[in-house]
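Below is one structure, written out as structure tokens; the observations come after it.
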Amino acid sequence: MKVIQRLGIGLFLIGLTIFTIMPFLGNYKLNEELVLANTKDIHQVKMAEILTPMYGKTYSSNFSFISSFKDNFNAYNDALKGESKWDEVIWDDYSFPLAQASVNSPVRDNPWLFMGLSIGLAVLGGLMYNLPKHKDEPAGVKNNGIFHSSMKNRGWMGMITGAYLILFYVILYWFPAYIVNQVWMVSPLSMILSGNPASQWFLYGTIYTLAIIVMGVRMFRKYRGNKYQQLRTASVMFFQTAFAFLIPEILVLLNQPYFDFKNIWPLDYDFFYDYQIDTFLSAGGVGMFMLIWGILLIIIAVPLFTYFYGKRWYCSWVCGCGGLAETVGDPYRQLSDKSLKAWKYERVIVHSVLVLAVVMTGLTIANYFSGFALLGNVTNQLHSFYGFAIGSAFAGVIGTGFYPFMGNRVWCRFGCPLAAYLGLVQRFKSRFRITTNGGQCISCGNCSTHCEMGIDVRWYAQRGQEIVRASCVGCGVCSSVCPRGVLKLENGSTEKRINEMPIIIGNDSIKINA
Amino acid sequence: MSSNRHVVIIGNGIAGITCARQLRKLDEQVRITVISGESKYFFSRTALMYIFMGHMKFEHTQPYENWFWEKNRIELKEAWVKSIDFSAKNLLFQSGEKLAYDELVIATGSKPNMFGWPGEDLQGVQGLYSKQDLELMEENTKSGVQRAVIVGGGLIGIEMAEMLAYKNIPVTFLVREAGFWDNILPKEESELVSRHMREHHIDLRLNEELAEIISGPNARVRAIRTKSGEEIPCQFVGLTAGVTPSIDFLRNTELEVNRGVKVDFGFQTNIPHVFSIGDCAEFHEAPAADRKPVEQVWYTGRMHGETLGYILAGEKVTYQPGVWFNSAKFLDIEYQTYGTVPAKWDAESFQSFFWEHGGGKVAFRLLMDLEGKIVGVNNFGFRLRHEFFDQAIRGKWTGTKVISKLDKANFDPEFFEPYYIEIQKAFKSQFGGDVTVSKKTFIQKLFGASV
């Protein structure tokens, strides 16, 4: 088995290497037809003129191509900005579509081959590594060596992994022109699913989904004999694959709006943006259904399901961010900060994001219904700020890139406005709690250590108190790792759910009841 | 009671720390100092094994953040006490420093039993109780250990075996008795644990005792010899034949001691203003029929500390433990017990119901008196609710009632196999009577739950 696992790591690393060197392959040649085909009507003439110096030249790398593009493009824009001719400045960034159109590379010529050699090998290697895990061991807690691991305890492997993830997200969000080869690589797959060529978001979605599946298999092995963990892992794998990845693409194939039926505002922060609303309203009955479905999720599903089951129904069973955190991020769960200070920061930050999202959405809707008389284009700037700061930087770069540094739920804990909303319901009006089993706690600290949300579970358990916390996503790992059977996730009566002054069972010397 | 009195607690284990916290909750004024040479901050001793195995770091075993003590004005003194001048109410530290007290709490815990085995002082031979023991064990097992021998079949021994397995060190486990932990566990339970140990490739030798530990070069252990004459080469020996109160520095003083510091049910020693709690305290008589004069369990330490905290705050209370409970984990198998289930009982006065799952890792025992009323339960491999059994045993429920309501006692996570249904069926077929067998829930049916 060890041989197969080693081979798996080898294949994974080969796949990752090939994926990583792909941007350096091929050359770039631009001509006027490509510019005309890849720019908006209003910019066609201007762009064709601006980029004239690039025509016919062969750029040997994406660096030289993008740098030349920027030189020409910025020269034009900067001149206009200098003269304060803001209306004539071209705000659209055409670097990605033009780089994509200009590239000539083996990847573009043989997309399936490169997909097999990169993503394919990585997935195969990952499965070969994960499937035989813990094969000859009885089922049980598999946390051996976590804090002796360079990968899982902020050693050099963790640092490199984190740095790689951060770099990937920065390129994906802000410099996609550098990864046009990888986008070409997944284009045939995109054509099959949606009938359209791939964007960088399709590339991202593909990798994201496969990562959840491969690391979901790891969860099945790690938590063998633990049905709660297995079922919720299967659930996030299903919702990611079907709801987040396949169904939206198939909707596009059927000429319907792209829509993720399980993504809920305010996590889905652009749900009420004017272009979204226009899309829904112009897509007939299906569009109307999507609009109503999305609103029902916000006003009915969230409070109702959270009342009955806690926020876990979403965060650790359905959500895509949660799905990634619970599978790819599981090896890093123990790195979350459990200090009281971190909890204070958490409450301030996450609720600020919620307020920001609500205010932004409120203004957007008001603006929309006033026919843009209220604020004009100011909401657009609000949107781009939110999209940059929260949607990309916080949720992506920090949210996932920081897994190996701050644990796997940085975004969910500190940033997700939907988690904040679900958390308010969970804290104040829900049947969910983690029950402490009388006096059985030995304060060992496994529960707190392995809580991905940084909840000091032991604080409650050792004083015999039920755990009711807004942030708890109900992953159930505290209960799994408890060596004395002290913790149980339960939905029960809301009476006495929050008991500030518990009495630990077993000592009759003390009879007072607070 | 003087409000600016100084309460000094020797020992920052669960007993001492619980006492300090309770006292602070009840008395804002009193000055509290906790002394420990082992570690400045309170940590959970039961978690030492998890540090060794990389599940946690040492700081994770500290139940309170470091600022907690200053905020609650509990002074921490990191030092070893050398002697106590009871008449002058003064402590002398090994460093030569002194500290005066008005009230003294001795909560010094235990140390591993050493029975004077030949070679017990060799390098590579140790017990496991303190933080220093853990550090020593890390040192002793760093390299060159091809085999380890553990002597003494109790909870620390099996923890040690699990720790050594993490380092891929093969373990031979010598147990003097005919079954593992069989002075506590009935035969079937003991066998269940033994089977599981062997599943983990532990070479378990029952009815086998240590004769001597044999030295190699540099006064390091080279092998052990058993009483049956077998020589087992090994480079590490774990001595885990129980623990004994750690009170050597108090012997031959005016303080009355026996195995531990003698106390009454107010934890009062023979010297006024001197108290003792936790593992190192010995009651003049056992606190209850099913208890011993020396209680060396995490939970009793906590209760002693809690109770003494009230006493020191001036409350008129005495130690009255409730229904006994305990728990442990044997490698992958969790164990809980509520009430009294001794290793052996008189079949004339008790009736026992035992159920074991076909897989051999899940079991349940219900001990009842002749009238069929619950006395206690043991459960292995699944979880039961403390509150339920506390109520059932106090209320002297019949076995039939307990079993009929067993679904309410279940504490396993959602979607787990409903063992309680099988237990109910088995009880019904064995004892008959009016037992209600629970139905599978919709969810259990949906996910094909089977036992």
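Using N, Cα and C of the backbone, Cβ positions are placed for all residues, glycine too.
Here is what TrEMBL records for this protein:
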DOMAIN    A:432-460  domain '4Fe-4S ferredoxin-type'
DOMAIN    A:463-492  domain '4Fe-4S ferredoxin-type'
TRANSMEM  A:7-26  transmembrane segment
TRANSMEM  A:112-131  transmembrane segment
TRANSMEM  A:156-179  transmembrane segment
TRANSMEM  A:199-217  transmembrane segment
TRANSMEM  A:238-259  transmembrane segment
TRANSMEM  A:279-305  transmembrane segment
TRANSMEM  A:348-373  transmembrane segment
TRANSMEM  A:385-405  transmembrane segment
Within the predicted model, mean pLDDT of the domain '4Fe-4S ferredoxin-type' (A:463-492):
97
In the domain '4Fe-4S ferredoxin-type' (A:463-492), how many residues does DSSP assign to helix, to strand and to coil?
5 helix, 6 strand, 19 coil
Per DSSP, what is the residue count of the domain '4Fe-4S ferredoxin-type' (A:432-460) in each of helix, strand and coil?
8 helix, 5 strand, 16 coil
Stretch with greatest number of CB pairs under 8 Å, the transmembrane segment (A:199-217) reference, A:7-26, A:156-179, A:348-373, A:385-405 candidates:
A:156-179
Chain residues outside the transmembrane segment (A:385-405) and at least six past its termini with a C-beta under 8 angstroms from it:
151, 154, 158-159, 161-162, 165-166, 168-170, 172-174, 269-270, 321, 324-325, 328-329, 332, 335, 353, 356-357, 360, 411-412, 414-417
I need to check the long-range neighbours of the domain '4Fe-4S ferredoxin-type' (A:432-460): which residues 6 or more away from its ends have a CB within less than 8 Å of a CB in the stretch?
143, 306, 308-312, 325, 329, 333-334, 336-340, 342-343, 346, 407-409, 412-413, 426, 466-469, 471-475, 477-479, 481-492, 497, 502, 504-507
Give the nonlocal contacts of the transmembrane segment (A:7-26) in its own chain as ranges (CB under 8 Å, at least six residues past its ends).
61-62, 103-108, 114, 117-130, 178-179, 181-182, 185
